[in-house]
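Novice: So TrEMBL has the following annotated:
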REGION    1-43  region 'Disordered'
COMPBIAS  1-19  compositional bias 'Polar residues'
TRANSMEM  60-81  transmembrane segment
TRANSMEM  93-115  transmembrane segment
TRANSMEM  127-148  transmembrane segment
TRANSMEM  154-174  transmembrane segment
TRANSMEM  195-214  transmembrane segment
TRANSMEM  226-243  transmembrane segment
TRANSMEM  278-299  transmembrane segment
TRANSMEM  371-397  transmembrane segment
TRANSMEM  409-435  transmembrane segment
Amino acid sequence: MPTPTSNGHASRLQIQEPRTMSPLPPSSSPIAFKEQQGRPPPTAHQTIAGKLFRNLFKGLLFSQLTLISLLVIVLTIRGLISASSHHFHPKKWYPPLLASVAVSGVASLAWQCIFIYNPSRAVRATFWLSPILTCSVGILLVLIGSAVDAGIGSVFVLFAITQSLYGCWITTRFEYTDKILSLATAFPPARTREVVCLSITVSLVYSGFLLTGIGGATSTRTSLDLLFISVILISLACTMQVLKNVQQVAISRARYVNFAHGEEMDAWDAFRITMKHLVGSICIGSTLVPIVVFIRGSIRSVNLMSGSSDEVMYSGADCFSSIANKLITLGNRWGFVHVGTYDKGFVEASSDTWNKFRSTSGLEKLIDSDLTSSFCFLSAVSVGAVSSLTAGIWMLLIHKDYALEVTLYAFMIGYFVGRVALAWVQACVLAYYVAYSEDPHSVRFDGTIPHRIQRLQMLSAHRDNRELEMGREREEDTYNNC
């Protein structure tokens, strides 16, 4: 992305420009491996099974891309041939969707420009704009008229309300989020813009290509065609996830080199190395991370609802917490930094990075409450909503029968394009945290993280004391009543 010339928080708190570094052993600087060998240094503990799994997942990725491409081509040709014999109108179905794809690309680029110009306002705007746009999509679906449309529209409205409540709950974290985003993204690696633009372009072209196959299947609309559409949408989600994480690994590698060693690394070189050597590990991570996030999020929700008033519920919540703590070491997005930098297997990289977080007092809790992932998620939801409103309103005016499916397709595509577009932001923050955990006392880091950890520890101690006092008051009330 364009390198910002000024940044409010970064200019006051920290400068991440290249600096002259003290001599380091050759093995301690990952950039040396990039220059000497053209790939990250392989770890000594790579097993045959690990290499087998990496090659297996890499093979699965390219196999599904090939098979899906053939399926899309066949469905597109069949759809064009049979369009005249069915009640399907390609000239009415394709333009709204293809226009929404283009809108998602423009919206993603525009949102990044807003973020680069003023990260603080971009963060706050995301948390109030996303619920409004999501609610608008829900209202649009309700206006279509059928019971199914109204039901799905109600889900969108409920999702918007949930976003609003979440935004109110995390308001106190905005100041720290502004600072950490400003510090991590103040000076992106050289040629980051080229990597991001290429990723967005690929995501747009691939999405448009898959839409032709979905349109071909929609033209006949048999039970088998519904299965084909489902397979194409799953392929879209998986491929976009991998594309996002490829960019994340490449840019976090280049950013980590700067944070940890004060050296500069070209983002395009990191991207090339990532595509050549690390796709297998990225595919494994792209599979594990969503599963772990979903399970861990469900466990945390159960813990919040259980409270601590019932002993059985409390013991169950404690058991669930142990499971969640174990799962996070098997697969987390911070592991992508070590995948790119040291060519580790994804599970090993996830375990090493999380154990580093745990070795620094208060850092694990701080990272657990980080809002970067929420910011990127809601930004992508906003892009998806803009895209779906474009296609949905257009289709509602010209062909109401297809309004629901076209709106949902546009939302999915817009969401995934938005995630790909903002992967570089999350990559910079991941690299910042991982580099800090490995050397918290480095002169390249200011007091932002230590001050936040101290603040969280004070709030936690205050909360514990309050709960203790409330417990004593309940015991006294019980005793007096007896």
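Cβ coordinates come from backbone N, Cα and C, glycine included.
Keep in mind that what you see is a predicted model, and the values were worked out from it rather than measured.
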Novice: Which sequence positions outside the transmembrane segment (226-243), separated from its termini by at least 6 residues, show Cβ-Cβ distances below 8 Å to it?
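Specialist: Same-chain residues near the transmembrane segment (226-243) but 6 or more away: 61, 64-65, 68, 71-72, 75, 199, 202-203, 206-207, 210, 213-214, 217-218, 279, 282-283, 286, 290, 412-413, 416-417, 419-420.
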Novice: Using Cβ atoms only, state whether the transmembrane segment (60-81) and the transmembrane segment (371-397) have three or more pairs under 8 Å that are 6 or more apart in sequence.
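Specialist: Contact between the transmembrane segment (371-397) and the transmembrane segment (60-81): absent, because fewer than 3 Cβ pairs are under 8 Å.
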Novice: Please figure out which one of 195-214, 278-299, 371-397 racks up the most CB pairs under 8 Å against the transmembrane segment (154-174).
Specialist: 371-397
Novice: Test the contact criterion for the transmembrane segment (127-148) and the transmembrane segment (278-299): 3 or more CB pairs under 8 Å, pairs 6 or more apart in sequence, then answer yes or no.
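Specialist: Answer no, regions not in contact.
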Novice: Which sequence-distant residues neighbour the transmembrane segment (371-397)? Criterion: at least 6 residues beyond either end, Cβ under 8 Å.
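Specialist: The answer is 92, 95-97, 99-101, 103-104, 107-108, 111, 123, 126-127, 129-130, 133-134, 136-137, 140-141, 143-144, 163, 166, 170, 173-174, 177, 180-181, 333, 403, 406-419, 421-423, 425-426, 429.
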Novice: Checking distant contacts: for the transmembrane segment (195-214), what same-chain residues at least six beyond its ends satisfy Cβ-Cβ under 8 A?
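Specialist: For the transmembrane segment (195-214), the sequence-distant neighbours (Cβ-Cβ under 8 Å, at least 6 residues beyond its ends) are 1, 68-69, 71-73, 75-76, 94, 97-98, 101-102, 104-105, 108-109, 112, 228-229, 232-233, 235-236, 239-240, 243-244, 246-247, 250-251, 267-268, 271, 409, 413, 416-417, 420-421, 423-424.
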